[in-house]
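Report on the following structure.
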Amino acid sequence: MLDTVEHAATTPDQPQPYGELGLKDDEYRRIRQILGRRPTDTELAMYSVMWSEHCSYKSSKVHLRYFGETTSDEMRAAMLAGIGENAGVVDIGDGWAVTFKVESHNHPSYVEPYQGAATGVGGIVRDIMAMGARPVAVMDQLRFGAADAPDTRRVLDGVVRGIGGYGNSLGLPNIGGETVFDPCYAGNPLVNALCVGVLRQEDLHLAFASGAGNKIILFGARTGLDGIGGVSVLASDTFDAEGSRKKLPSVQVGDPFMEKVLIECCLELYAGGLVIGIQDLGGAGLSCATSELASAGDGGMTIQLDSVPLRAKEMTPAEVLCSESQERMCAVVSPKNVDAFLAVCRKWEVLATVIGEVTDGDRLQITWHGETVVDVPPRTVAHEGPVYQRPVARPDTQDALNADRSAKLSRPVTGDELRATLLALLGSPHLCSRAFITEQYDRYVRGNTVLAEHADGGMLRIDESTGRGIAVSTDASGRYTLLDPYAGAQLALAEAYRNVAVTGATPVAVTNCLNFGSPEDPGVMWQFTQAVRGLADGCADLGIPVTGGNVSFYNQTGSAAILPTPVVGVLGVIDDVRRRIPTGLGAEPGETLMLLGDTRDEFDGSVWAQVTADHLGGLPPVVDLAREKLLAAVLSSASRDGLVSAAHDLSEGGLAQAIVESALAGETGCRIVLPEGADPFVLLFSESAGRVLVAVPRTEESRFRGMCEARGLPAVRIGVVDQGSDAVEVQGLFAVSLAELRATSEAVLPRYFG
């Protein structure tokens with residue numbers, strides 16, 4: 001029997017499985033209070049997915065407000081759309097705008113790695129499409145268990161194939177990212193996908209439904225049983241110790257070729273002025289799209305749910321509403337434009353159906369074969385869910401963790417020991433070449449990729465006539481964030497900011513994806529709140545806004561949470577991509593190598609401590625955001641004036657790793673001469689922040705050095721590029737051939753996963 005609104009009103013005591021749907025007792029009572037009756041089965045399903053942690057941000061919302069509190073009017077000046085929209089949009093000049101966002105698809109990617117990762121890419125691409133933009137590139141932040149753990153092969157293989165298969169089929173270049181291995185991610189990988197889109201400012205579209213009588217059109221793929229309770233339930237629950245799910249919702253199934261057609265269809269609809277408001281269908285499906293569109297508009301909405309094209313027989317209204325079938329969009333269209341809208345969809349062979357209209361009321365009403373199964377105030381579904389002030393407590397173990405310094409570890413001293421250390425780090429899964437993974441992605445499709453391979457940040461040309469471009473980088477360090485969540489988030493921000501700066505671009509905006517354990521753990525909530533405040537304060541110090549983001553909680557197996565992993569993405573703008581700064585050495589004969597910034601004895605949380613002693617303790621490197629701003633300004637000026645021919649930021653593995661990566665990228669040797677009195681181990685392997693390796697043309701050395709001195713930026717000459725050499729030599733200590741470095745680095749991942 002169909003559970004209608006009328007039936008629900010006359011059967012107040014009918015038992016309902018709200019607990020099985022993830023609702024708490026008090027949440028169920030609140031729904032009854034809102035409606036003045038018990039919810040129908042369909043309403044109950046709708047509230048359960050929309051009030052899930054993934055969709056409602058009920059544990060994080062109270063803390064995320066701090067981003068708004070710390071964003072000044074000056075920081076907002078370039079933002080065309082920010083937090084609360086499908087994706088942030090930034091004015092980059094000359095009438096152009098860029099939209100970008102990063103989101104998680106962690107839990108589905110463990111259950112079914114290929115489809116979980118593929119649909120993660122598809123979902124973030126549709127968020128970008130919904131802003132009126134053409135998607136132009138993707139990036140990914142991946143975290144897996146230990147490289148030698150049995151299940152890591154299954155998960156990594158599926159995730160990498162899923163990302164490559166979907167992104168390559170869409171014709172979107174994958175311009176960068178990061179892959180990290182750590183035992184804490186066994187059973188709970190992180191798959192964070194970022195997409196960048198480009199649009200003219202006048203083409204910006206937002207998610208709202210207004211104008212009584214305007215039609216609601218669902219277009220794209222048919223609606224099936226895949227993904228019901230998928231990301232919205234999976235992302236709001238943990239895995240048990242055996243790695244199996246406590247709940248068994250299905251993972252969504254993606255069709256990249258349908259999405260590719262959908263992109264072109266949307267762009268033609270936008271160009272024709274046929275769209276008033278638009279929303280993609282992601283987590284919670286039509287439940288989310290209809291309630292968000294209605295609550296953001298100036299009226300109500302009616303939906304004839306039985307009009308939705310299905311690909312499975314005998315689906316219930318709740319299943320149709322909550323299905324997370326992919327490649328679907330929902331648009332608000334003026335009645336006079338419906339025929340033209342449908343004609344464009346027919347041209348692209350995209351199925352489109354009028355399923356409802358905007359009303360002048362204040363309710364979201366959904367019917368099924370003429371009977372009302374949903375009658376709710378839409379804001380209570382989409383925006384007025386529960387908000388929790390979870391208990392926050394600094395873990396009792398934090399003091400002991402911070403007291404466990406790496407200074408107690410044995411350090412290499414001799415040239416042979418330093419050489420062995422370099423090869424050990426380079427030959428570990430933590431610092432080895434990622435070519436085995438990245439070669440499965442198309443980095444140069446569409447022909448606008450300027451930097452991707454070997455680069456700190458990816459760069460794209462946006463305007464062929466002027467050369468205007470953008471650079472993007474994403475970074476995170478769970479190890480540093482465990483030691484100090486506030487500083488760890490700022491270090492991730494600083495590195496992403498620096499990675500954009502070393503390309504010659506100017507950082508302008510931030511997005512984030514905050515991956516943490518259970519919010520019901522006060523220690524996790526302490527990590528989360530500290531990371532949010534660190535990131536927000538850091539953005540305020542740098543003067544760049546957070547335009548949006550995502551929170552992923554319940555990333556744990558049993559009671560063991562992942563390392564707190566705030567992923568930070570930074571967008572930069574460059575006036576002309578022809579003045580970009582590459583990573584590889586050897587562009588100019590006899591380049592001088594210089595180290596910018598201060599090097600301190602900072603090894604707590606470092607890759608050296610991890611690889612050589614499996615040690616994690618102490619305090620992370622010092623963060624100096626004023627220095628990061630200064631570095632960015634110097635690099636931008638140097639790029640404009642042609643003073644720098646290559647640059648590479650220093651992070652994991654320190655100076656030694658940066659030198660090796662730049663030498664291999666340029667396929668040229670170099671000779672390093674350490675400053676007199678320097679500790680070779682500290683200078684080569686410290687992970688102090690705020691540092692950059694630059695190659696300066698011989699003719700520009702004095703000019704560049706003078707600019708650094710004038711601005712108060714430490715700059716030390718540490719060697720020269722030797723195009724006649726096939727080795728990296730640290731004078732007086734050791735030398736390693738490029739062939740040995742490359743072989744050591746490139747052999748690691750194929751050994752584990754080939």
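The count begins at 1 with the first shown residue.
The backbone N, Cα and C atoms fix where each Cβ goes, glycine too.
For the region 'Disordered' (1-21), same-chain residues at least 6 beyond its ends with a Cβ under 8 Å from one of its own Cβ atoms are 27-28, 37-45, 48, 229, 317, 368, 371-375. Taken from Swiss-Prot, the feature region 'Disordered' covers 1-21.
His54 (active site): 26 other CB atoms within 10 A of its CB, across all protein chains. Annotation source Swiss-Prot lists active site at His54, citing sequence analysis.
Annotation source Swiss-Prot lists ATP binding site at Tyr57, Lys101, Asn512, Gly549. There are 26 other Cβ atoms within 10 Å of the Cβ belonging to Lys101 (ATP binding site).
Among the features that Swiss-Prot reports, Mg(2+) 1 binding site is placed at Glu103, Asn550, with the record citing sequence analysis. For Asn550 (Mg(2+) 1 binding site), the number of other Cβ atoms no farther than 10 Å from its own Cβ, over all displayed protein chains, is 22.
Every protein chain considered, the tally of other Cβ atoms within 10 Å of the Cβ of Glu324 (substrate binding site) stands at 33. Annotation source Swiss-Prot lists substrate binding site at Ser104, His105, Asn106, His107, Arg126, Gln252, Glu324, Ser325, Gln326, Ser552.
Residue density at His105 (active site, proton acceptor): 33 other Cβ atoms are found within 10 A of its Cβ, drawing on all protein chains shown. Per Swiss-Prot, active site, proton acceptor is recorded for His105.
As annotated by Swiss-Prot, Mg(2+) 2 binding site applies to Asp127, Asp280. Secondary structure at Asp280 (Mg(2+) 2 binding site), as computed by DSSP, is strand. Within 10 Å of the C-beta of Asp280 (Mg(2+) 2 binding site) there are 26 other C-beta atoms, taking all protein chains into account.
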For this session: Report, as a single number, how many Cβ atoms besides its own are within 10 Å of the Cβ of Glu103 (Mg(2+) 1 binding site).
Result: 26
For this session: Find the longest CA to CA distance in the recorded substrate-binding set Ser104, His105, Asn106, His107, Arg126, Gln252, Glu324, Ser325, Gln326, Ser552; express it in Å as a whole number.
Result: 21
For this session: Would you kindly give the Cα-Cα distance separating Glu324 (substrate binding site) and Glu103 (Mg(2+) 1 binding site), rounded to the nearest Å?
Result: 16
Seminar exercise, completed: Rounding to whole Å, the Cα atoms of Asn106 (substrate binding site) and Asp127 (Mg(2+) 2 binding site) are apart by 17
Exercise. Measuring Cα to Cα, how many angstrom lie between Gln326 (substrate binding site) and His105 (active site, proton acceptor)?
Worked result: 14
For this session: Would you mind listing, in sequence order, the residues at least six apart from Arg126 (substrate binding site) in the same chain with a Cβ closer than 8 Å to its Cβ?
Result: Glu259, Leu262, Asp280, Leu281, Gly282, Glu327, Met329
Seminar exercise, completed: Reduced to three DSSP states, the region 'Disordered' (1-21) has 6 helix, 0 strand, 15 coil
